[in-house]
Structure formats: structure tokens, C-alpha cells
Amino acid sequence: MATDTSQGELVHPKALPLIVGAQLIHADKLGEKVEDNTMPIRRAVNSTRETPPKSKLAEGVEEKPEPDVSSEESISTVEEQENETPPATSSETEQPKGQPENEEKEENKPSEETKKDEKDQSKEKEKKVKKTIPSWATLSASQLARAQKQTPMASSPRPKMDAILTEAIKACFQKSGASVVAIRKYIIHKYPSLELERRGYLLKQALKRELNRGVIKQVKGKGASGSFVVVQKSRKPPQKSRNRKNRSSAVDPEPQVKLEDILPLAFTRLCEPKEASYSLIRKYVSQYYPKLRVDIRPQLLKNALQRAVERGQLEQITGKGASGTFQLKKSGEKPLLGGSLMEYAILSAIAAMNEPKTCSTTALKKYVLENHPGTNSNYQMHLLKKTLQRCEKNGWMEQISGKGFSGTFQLCFPYYPSPGVLFPKKEPDDSKDEDEDEDEDDSSEEDSEDEEPPPKRRLQKKTPVKSPGKAAAMKQRGSKLAPKVPAAQRGKTRPLPKKAPPKAKSPAKKARPSPSVIKKPSGSSSKKPAASVRKEVKLPGKGKSTMKKSFKAKK
């Protein structure tokens with residue numbers, strides 16, 4: 001049969017479907033017999049079933065057979081067989097497909113596990129870095145306890161190697177200095193955690209470092225052998241040289257300042273926008289401005305805040321009235337708020353208590369170059385980059401955006417500087433101005449007290465009638481001034497009673513001034529006694545003229 005089917009040219013096209021159909025029927029009969037016995041033969045039958053349609057398709061691509069009754073029957077039988085066989089083939093095909101899927105899953109699992117292990121290792125490395133609490137952080141006792149639990153302080157059970165070396169040299173000092181052998185024994189005995197027996201290079205490095213600094217001096221030997229002495233006078237000459245340098249050119253106090261200490265203040269000044277709640281403002285003002293007595297009189301602070309909002313110096317973001325959050329407004333770089341002591345206190349409180357404190361690296365670079373330029377600007381930028389990285393590792397700062405030396409950083413601990421630290425130039429000027437104002441007020445009051453009486457005296461001549469309050473005040477001053485004038489004029493008034501007895505013609509004239517002298521001190525004005533004195537001064541002249549007339553009459 002195979003030879004007949006293979007020679008397609010000899011077979012008539014109409015006879016081809018009949019031959020194929022006969023083959024299929026014969027195969028079906030064989031399959032029915034074998035189905036009851038074993039399954040493996042069925043697989044072979046399936047393979048034979050599948051081959052004829054392939055050959056049929058290969059041979060009959062060009063020639064399309066005409067449909068006959070026999071062909072229709074054969075097609076129907078093929079369809080029935082195909083409908084019966086799929087469950088077995090589907091299960092068979094699923095088995096080999098399922099195996100590679102399982103293999104792929106098994107391969108993916110180890111890759112995922114390796115990724116997880118890498119992540120865990122990176123997290124462990126991050127956890128291993130001990131986060132410390134910075135010296136500039138302003139924390140209460142409860143906040144400090146919480147922070148210590150969350151970020152345990154890096155305990156330092158022993159000092160640094162340089163300090164240990166100087167301590168050992170002083171302890172082992174003799175006439176010829178301290179030998180390296182004695183120094184080593186001392187350190188091994190007192191600081192066993194260093195393991196100096198195994199790590200002898202630590203001692204050599206420390207000796208070399210301290211020799212270069214000039215802290216110690218080598219008396220005997222060379223290198224890491226011999227005897228050493230601590231130089232005590234090395235600290236005084238540099239101070240003198242510094243003083244001389246400062247006298248000649250006072251420029252180099254900056255190297256002593258660390259960028260780690262500068263950054264928190266830079267963050268507080270550069271952070272924008274600055275805003276704080278009423279409770280924080282009140283807390284800060286009551287702490288640093290006790291003269292305002294905000295705890296006793298909170299209404300003063302509330303009124304000042306409301307007044308600043310009405311003027312446009314502050315913006316109330318949340319809340320109503322004096323409660324809520326207030327934000328500073330600026331014209332350029334200068335804040336609009338300022339002037340009185342209360343306004344200055346509110347300004348410093350909002351600037352200091354603003355949280356969270358964030359700042360961009362560009363603003364930090366500009367601030368450092370303007371305020372702490374150093375000798376080399378490029379080196380200063382390098383130091384700034386290193387300090388930011390170190391602060392981030394210690395957990396003092398956090399990079400919110402960007403990577404490396406770009407983006408924005410944020411302080412992880414609260415920092416509330418005092419007004420003197422926040423505005424060092426403004427506060428002393430304000431205090432001086434306040435003192436000057438007080439002095440001016442006192443001096444003006446004293447001058448007014450001294451200058452007030454003369455115009456009153458002039459008015460007294462013009463207007464004898466005065467209020468009872470002024471009269472009482474003038475009585476006291478009149479009592480002080482009255483005894484002084486007669487004391488100076490007593491020498492001139494005394495000769496009057498001596499020359500009075502020979503006078504006979506002028507009793508009426510002399511009787512007139514006596515009541516005026518008695519009445520004038522009892523009067524309300526202080527000028528009247530002075531006027532009476534003037535009249536008394538003129539009286540001797542009149543007395544002399546009368547005396548001359550009396551002498552002439554006697555002659």
C-alpha cells in the first residue's frame with residue numbers, strides 16, 4: 001500500500017481519498033483491538049494517524065480533490081478519532097511543558113534568594129554603622145532618652161592611641177626618658193583590648209604621628225626604638241606666634257571652626273519658608289526673653305501676632321486669631337518683621353523653631369564660601385562634601401533628594417539656637433540701643449526737672465494765680481531757696497537796725513517793708529521772697545539818704 005501511495009503520478013486523483021480512507025479504517029480497527037490491552041500501542045497508533053494527513057497535505061497542496069461520499073465519510077471518522085484522542089495528547093503534552101516551567105521556577109527561586117541575601121547584607125551593613133547624637137542637638141530629658149534607645153550612643157571605653165601614648169610616656173618617665181619597651185608593657189597591661197602584642201604597628205604609627213606634630217621628642221635611638229619625652233613647652237610658643245600674627249593680620253581664626261558645627265546654623269538660616277506654631281513661639285520667647293513676661297501676660301504676644309498678620313509681616317497658614325501656624329514674609333532677603341523688642345522676639349522664635357530644617361547643596365556651598373571661605377575654595381568644597389557624607393553616616397542628616405554632592409539635605413535632630421547665636425550682630429546693637437534709649441529717657445527726665453522751674457518762675461510774675469498742686473510743689477522749693485538768699489544778703493541787711501534809733505522822721509517809711517517781708521514767705525510763690533530781698537537791698541540806699549538829711553538838719 002505504501003508503494004501505491006508513494007507513486008502519486010500513477011494514481012487517479014479521485015481514487016486517492018478512497019485509498020487514504022481505507023488505510024484509516026484499517027488503522028481504526030487495529031486501534032479498537034489494542035485499546036483493551038495496553039496504552040503504549042495507542043501512542044504508536046496516534047503517530048500513524050497523524051502521519052497520513054501530513055503526507056496528504058504534502059502531496060495534495062497543488063491538487064484539490066473533488067468531494068465524494070467516501071471522502072466525506074472518511075473525514076467524519078477522522079474528526080471522531082481526533083475528538084476521542086485529545087485528552088491523552090493534552091496530558092502528554094502538558095507533562096513535558098510542565099517540567100521546564102518547574103525548572104524555570106526553581107532557577108528563579110535561587111536568583112530571588114540571592115537578591116534577598118544581598119539586600120539583607122546591605123541592611124546589616126547600614127545597621128552596623130553606629131548612629132550617634134550630635135553635640136548641637138537640643139533635646140529635653142525625655143527626648144534624649146528616646147533618642148538614646150533608638151540610636152545608641154557610640155561608647156568609647158578607651159581614649160585614642162595618641163592620648164594613650166602620651167599617658168604611657170608620662171607614666172614610664174625616667175631621667176633618660178621613657179623607653180619603647182616600657183611604653184609597650186604599660187599599654188599592654190592597661191589597655192589589653194588594643195592587642196598591642198599582635199598589632200605592634202599601632203605603637204609605631206602613633207610614635208611617628210606624635211613626633212611629626214611635635215608633641216613628643218626622641219632623646220635616644222632612631223625610628224621606633226629608643227627613649228621619648230613629652231614636650232611641655234610646645235603649647236606656649238604657638239600661642240605667642242598666633243598673637244603676633246593676629247596683631248599683624250587677624251585673619252586665621254577659621255581653621256579652628258569645624259564645618260560640622262557650622263552646618264546646623266546654616267540650615268536654620270537658609271531653610272525656607274520659615275514657619276512655627278503659637279505654642280513653640282511662646283515657649284521660645286518665654287525662655288530667651290523673660291523681660292516680656294509672656295507666661296504671665298500671654299495676651300501681649302497674641303496681640304503682637306495678630307497685629308503682624310494685619311500689617312502683612314506674617315502670614316497665618318492654619319488656625320484663627322492668635323492660634324495656629326505663622327509664616328515669615330520677606331522683602332528680598334530681609335524679613336518684614338522687626339522694630340520693637342516683641343517683634344524681634346517673634347522673628348527669632350519663628351526662625352529658630354522652624355521644623356523640619358532643610359537646605360539645598362547649592363545654598364550650602366554659597367553660605368560656606370561667603371562666611372567661611374578658608375584658604376582654598378576648592379578644598380573647602382571638598383571638606384563640605386566629606387562632612388555631609390560623614391553626618392549622613394552618623395545619622396545626623398538625611399538626603400531627601402539627589403545623589404552625592406547634589407540635592408537637598410535635612411537635619412535628623414532638632415536644633416533651636418538662642419537669639420545670640422542666630423543673630424549675633426543684631427542683638428548687641430539692640431541691647432545698646434535699648435540702654436541708650438533708657439539713658440536718654442533718664443537724662444531727659446532729669447533735664448526736664450532742672451529746666452521746668454525757670455519757665456514757671458517767669459509765668460509766676462505774669463500770672464500770680466496758680467493751681468494748688470503747683471503751689472504745693474513750689475512751697476517746698478521755695479522753702480529750700482528762701483534760706484539761701486537771706487544767708488548771702490545778711491551782711492547788707494544787718495546794719496539797718498543799728499542806724500534805726502537816730503531816725504525819727506522815717507518810721508512810716510520803714511514800717512511799710514516789714515509787713516511785706518513777713519507776708520511774702522507765707523505766699524504761694526517762690527519768687528516773692530526773692531523780690532523782697534531785692535527791695536531790702538534797695539532799702540539801705542533810702543536809709544542813707546534820710547540819714548544825710550538828718551545830719552544836715554542837725555548841723
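Indices start at 1 and increase along the chain as displayed.
Cβ coordinates come from backbone N, Cα and C, glycine included.
Here Swiss-Prot flags 233-247 (among others) as compositional bias 'Basic residues'.
Residues annotated as compositional bias 'Acidic residues' in Swiss-Prot: 430-452.
Per Swiss-Prot, compositional bias 'Basic residues' is recorded for 491-512 (among others).
Positions annotated as compositional bias 'Basic residues' by Swiss-Prot: 545-555 (among others).
Here Swiss-Prot flags 255-330 as domain 'H15 2', drawing on sequence analysis.
The N-acetylalanine feature in Swiss-Prot is assigned to Ala2.
Summarising the annotation, Swiss-Prot assigns phosphoserine to Ser6 (among others) and lists similarity to another entry as the type of evidence.
Annotation source Swiss-Prot lists phosphothreonine at Thr51 (among others), citing similarity to another entry.
Residues or ranges marked as phosphothreonine in Swiss-Prot (evidence: similarity to another entry): Thr85 (among others).
Applying an 8 A CB threshold to same-chain residues 6 or more apart, the list for Ser142 (phosphoserine) is empty. If you look up Swiss-Prot, you'll see Ser142 (among others) marked as phosphoserine.
According to Swiss-Prot, the feature phosphoserine maps to Ser155 (among others).
Taken from Swiss-Prot, the feature phosphoserine covers Ser156 (among others).
The N6-acetyllysine annotation in Swiss-Prot covers Lys190 and is backed by similarity to another entry. Secondary structure at Lys190 (N6-acetyllysine), taken from DSSP and collapsed to helix, strand or coil, is helix.
Per Swiss-Prot, the feature phosphoserine maps to Ser248 (among others); the stated evidence is similarity to another entry.
Annotated phosphoserine per Swiss-Prot: Ser249 (among others), in sequence order, evidence recorded as similarity to another entry.
For Ser444 (among others), the entry in Swiss-Prot reads phosphoserine.
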Reported mean pLDDT - the domain 'H15 2' (255-330): 88
Counts of helix, strand and coil residues, the domain 'H15 2' (255-330), according to DSSP: 42 helix, 13 strand, 21 coil
Residues satisfying Cβ distance under 8 Å from Lys190 (N6-acetyllysine), sequence separation of at least 6: Ala168
